[in-house]
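According to Swiss-Prot, the features are:
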- 4-24: transmembrane segment (TRANSMEM)
- 26-46: transmembrane segment (TRANSMEM)
- 65-85: transmembrane segment (TRANSMEM)
- 95-115: transmembrane segment (TRANSMEM)
- 158-178: transmembrane segment (TRANSMEM)
- 188-276: domain 'RCK C-terminal 1' (DOMAIN)
- 279-361: domain 'RCK C-terminal 2' (DOMAIN)
- 371-391: transmembrane segment (TRANSMEM)
- 394-414: transmembrane segment (TRANSMEM)
- 439-459: transmembrane segment (TRANSMEM)
- 464-484: transmembrane segment (TRANSMEM)
- 493-513: transmembrane segment (TRANSMEM)
- 532-552: transmembrane segment (TRANSMEM)
Amino acid sequence: MSDIALSISILALVAVLGLWIGNWRICGVGLGIGGVLFGGIFVGHFTDSWGVALDSHTLHFIQEFGLILFVYTIGIQVGPGFFASLRSSGLKLNAFAALVVLLGCIVAIGLYKIFDVPLPVILGIFSGAVTNTPSLGAGQQILTELGAQEGMLDLTGMGYAVAYPFGICGILLTMWILRLAFRVNVDKEAEEFEVQNGHKKQNLHTLNVAIRNPNLNGLQLKDVPALAEGDIVCSRLKRGEKLHVPRPDTRIETNDLLHLVGAKHALEKARLVIGEVVDASLSTRGTDLRVQRLVVTNEIVLGKKISHLDLKEKYDVVVSRLNRAGVELVPTSQTTLQFGDILNLVGRQEAIESVSGIVGNAHQKLQQVQMLPVFVGIGLGVLLGSIPFYLPGFPAAIKLGLAGGPLLVALILARIGSIGKLYWFMPPSANLALREIGIVLFLAVVGLKSGGGFVDTLVNGDGLSWMGYGIVITLVPLLTVGFLARIVGQLNYLTICGMLAGSMTDPPALAFANGLHPTSGASALSYATVYPLVMCLRILSPQILALLLWAV
């Protein structure tokens, strides 16, 4: 068997063993994908003992390419929500999550100085203590740029593996400590969250309103104050027994019935201006109007504003809702269409069929992966990650690297959505498959490289000390920020749990937080809010630590 064939066969064995280990559950908590690392360590220990030589170039390529696949697909997944998470509504959560990262860096520097821990080891412990694999990849890459030897990089992997188990357990312990310390009633916290955030729910509501305000008689629909702000869509108008699709220049009359779609608070505001809620039916059933959902798949309309399609003027069709990545939005004339958007249309059947030909509505395209944009994005990401940024006082240039470059490019491209006929939509199943393949390849190689000296380090070396350092790096930032968020920030307990899980980019912790109150979305919402920013910080922080401490 050739060296390359042997290396790939061993990697397959590591993946199978590691994924099996990851499925083990102890008190409902498992290692998940992290089990591949320990599968690699186990196999690596025996390959080293038996003198099995693996092709180093093959392993190095697989490790780096796996990391690129993982961070790129992460960026594509969270990109649409990344910039929205930085707006004012998420600033407090992102600030606390960033503080977790900052405190972790400070604790790591303190341990490095006080106990004289080797730099590759403290970087590995730092990454393992926060259960962040891209952080490990970024740390190993910057050490390579600084001229570290291969053996030093193996120490980084061992430090990661030693600190990783408590990294998972530590955040669960923190949630438990916070619950006891503040005598939290989880049901009450969930109820308070719903009350406080009920008006912020993203689900749209409908309201049938009769025009009773005489000042509105004869006005064009676009001139009605409550409807001109873009928060509400009027999808149907009933005058007498006749149901119409209203246009912006449609003149309304007293006693007309309007079917409005929008957020709850916006609908209430409109009701106060227009008139009163009525129990009358504005259903399209029994009329020549239809309600139909179409998917945007035609490259020609990607990036175009809804107003440019002239749907109301040409086809007498109105877009009442827009669903993007599972989130319902109020469509306005300035809304830009992206691949995969789901439009809720109201109009005559033949008109909707004409619009269907314009927007595409080819459902099979949603299951197809356009590979050209994937490699364009990866290529641009690698190029960006290779650009050196020289900062005064640093011994080497800082780079985004193979972890940061593809991530940043993916975030931007996913936010843009499409350029010409290239669109960066990826079906969730395809994204998950590529992401899992990437992280499995990366962890398998890291485990294999670390396995040779892992047992000896743990039993005869400094492994127990490293584990202790990892516990400190895990607990100090989490407990500090958890107490601050509750006492100073007055945050909901479930929101804090989701934020802490997001600050560690830890899916098992999110699963645990969701399990505290399965019907509440508080934890998942805060996790998603902080995840994109934290992932960027987790990738950049080991590089900055390495540059700061390399010459010290």
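Every residue gets a Cβ built from N, Cα and C, even glycine.
Model confidence over the domain 'RCK C-terminal 2' (279-361) is summarised by a mean pLDDT of 85. Long-range contacts of the transmembrane segment (493-513) within its own chain (CB-CB distance under 8 A, at least 6 residues past either end) are made by residues 28-30, 32, 93, 96-97, 100-101, 130-132, 167-168, 171-172, 174-175, 178-179, 182, 184, 186, 189-190, 193, 477-478, 481-482, 485-486, 520, 522-531, 534-535, 538. Same-chain neighbours of the transmembrane segment (532-552): 71, 74, 78-79, 81-82, 85-86, 94, 97-98, 100-101, 104-105, 108-109, 112, 119, 122-123, 126-127, 130, 132, 134-136, 138-139, 141-143, 146, 394-396, 398-401, 403-404, 407-408, 411, 502-503, 505, counting only residues six or more beyond its ends whose CB sits under 8 Å from a CB of the stretch. DSSP places the residues of the domain 'RCK C-terminal 2' (279-361) in helix, strand and coil in these numbers: 23 helix, 28 strand, 32 coil.
For the domain 'RCK C-terminal 1' (188-276), residue counts in helix, strand and coil come to 33 helix, 28 strand, 28 coil, using DSSP.
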